[in-house]
């Protein structure tokens, strides 16, 4: 009943595990999308060297930076919209 006094309801162990598993899946998905997208953009299919050259390395660095920048902006936008919905008059009443 802590939700009556402003605190969030307690999560059971099973709920905590499910939430952690969901978070791991989301992070894994984001990593896979990042890897696929930046590799496709920056690394040619015909490898000529064992290591990344300077151009490939710079491209990957910029790609990863942009990917996370966009991810942060999208997350902030979604959190703002969720907060507006929760604070909307008459919501849930």
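Each residue, glycine too, has its Cβ placed from N, Cα and C.
Among the features that Swiss-Prot reports, disulfide bond is placed at 38-63, 42-59, with the record citing similarity to another entry. Taken from Swiss-Prot, the feature motif 'Twin CX3C motif' applies to 38-63.
The distance from the Cα of residue 59 (disulfide bond) to the Cα of residue 38 (disulfide bond) comes to 8 Å. The CA atom of residue 63 (disulfide bond) is located 8 Å away from the CA atom of residue 42 (disulfide bond). Residue 59 (disulfide bond): 16 other CB atoms within 10 A of its CB, across all protein chains.
Around residue 42 (disulfide bond), taking its Cβ as the centre, 18 other Cβ atoms fall within 10 Å, counting all chains. With a 10 A radius on its CB, residue 63 (disulfide bond) counts 17 other CB atoms from all the protein chains. Computed over the motif 'Twin CX3C motif' (38-63), the whole-number mean pLDDT of the model equals 93. Per DSSP, the secondary structure of the motif 'Twin CX3C motif' (38-63) breaks down as 15 helix, 0 strand, 11 coil.
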